[in-house]
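**Student:** According to TrEMBL, the protein carries these features:
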{"type": "DOMAIN", "residues": "B:28-251", "note": "domain 'RNase H type-2'"}
{"type": "BINDING", "residues": "B:ASP34, B:GLU35, B:ASP142", "note": "divalent metal cation binding site"}
Amino acid sequence: MAMNSCVTVVQLGSGTQVHQSEVHLLPCDIEHDGAAQVAEFFTPTVKERKHEKTVSFRGRGLKGQEVTHPQGYTGLVLKEVQKPSSDQEDRVVKVSSVFHNFTYWNLETPPTSDDRVMMSMAWPKLAEMMRAPVED
Amino acid sequence: MDLRDFEADNSVSCRLSSPVPDVCRTEDCCLGIDEAGRGPVLGPMVYGICFCPVSRKENLKNLKVADSKTLSEAERENLFLKLDKAKGFVGWALQILSPNTISTSMLQRVKYNLNALSHDAAIGLVQYALDCGVQLKEVFVDTVGPAEKYEEKLSQRFPGVKVTVRPKADSLFPIVSAASICAKVARDHAVKDWKFTEDLGRVDTDYGSGYPNDPKTKSWLLKYLDPVFGYPQFVRFSWSTAQTLLDSKAVPVHWDDDEEDGEKAAARQNNTSVLSYFSRSKPAGNTHTRETHRFFTERRLQSIDTL
């Protein structure tokens, strides 16, 4: 029995058309799915001193660090073109923008290499090594 | 009053000060402490100290300084100029606590309340005067809280200095009046010419007094509420006025240290994956699940075959 019979189609825009976006990963749940005034409220208030980024969100202090994707990987922001009306229909999503790095924010403490997000970036490299043929 | 140092980064706390008069390093001095802008939901809270030789108290009195609250803005400006002219024997220093500092301190994981914040600002300023070589013998403090405890705390912190903490000290001791004028002038300037870091275009500066019960302040808070970000950093998010408006008009935001109903928190935790945006009903009958290695569980990594 197939786990899922329908397919998700990802429409890639042509490379030059897709715009790059600035991505921030915040340490909270925002009950909002849609556009936000990031460029008006957030980006201008980010301060950078001695390699430490600081900002505040809803009155809480955040400390951040730039995270670059593992080599060979690109971040995609996908948007559903049309919601399927049933389980049987294929889904179509399109790439609305791409990103090569993002800012990872922690509440009050600076991000460290022990943080889950930072640690998970090691997986692609590890996976590659595991799959590589063993030389004698 | 030149606020450029503060305006260069008004998201943090900033100290401004006059030169220290030479006579304050050689003669016994008195020092007054007062604050401005404790109550408002908008703008910074300013702590001020003013100091002069004990022997010059009469000269200070002759400047006709009075409690800043009983004076008009123009009178305060005028008195501040007079204090500046008296720089041969009067010195001052200010600690400007930005609204962002107030918000992030009061909303910290380990709460840092306004009283502690105030006391630390006052202590920091007295220490600054001592570090500058001011021969402090008497300190007069205005307070809204319990005077005895605060007096004891300051006396212990600064042995050898006679500390007097009094409600309404700003109308009892000229040196405290002088401190209150410095603080109030700085607060007024900072609020009037607030440099919004946010990119909001031309901001309506008709925000009234900044006190929560001022109708102008209320309508300003409604006008500049953003459903996601809440407010510009000019607003003290930790004030109940701001919180109440956000609770009713902005989208809810949850933090891992929120105090909330355990069940609700658990329900949300199950739903935090980015993939939840694409989630569909999970296929049934997938009974023989293999235990995932903790390398993956620790990183919340999971293998997916559909979006």
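Keep in mind that glycine also has a Cβ here, set from the backbone N, Cα and C atoms.
Quick one: how deep are these features, and who are their neighbours?
**Tutor:** DSSP gives B:ASP142 (divalent metal cation binding site) a strand state. Residue density at B:ASP142 (divalent metal cation binding site): 25 other Cβ atoms are found within 10 A of its Cβ, drawing on all protein chains shown.
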**Student:** Neighbourhood of the divalent metal cation site (B:ASP34, B:GLU35, B:ASP142): other residues with Cβ within 8 Å of the Cβ centroid, in order?
**Tutor:** B:ILE33, B:ALA36, B:TYR47, B:GLY48, B:VAL141, B:THR143, B:ALA169, B:ASP170, B:VAL176, B:ALA179, B:SER180, B:ALA183
**Student:** These are the binding-site residues: B:ASP34, B:GLU35. Which one scores highest on other Cβ atoms within 10 Å?
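**Tutor:** Answer returned by the neighbour count: B:ASP34.
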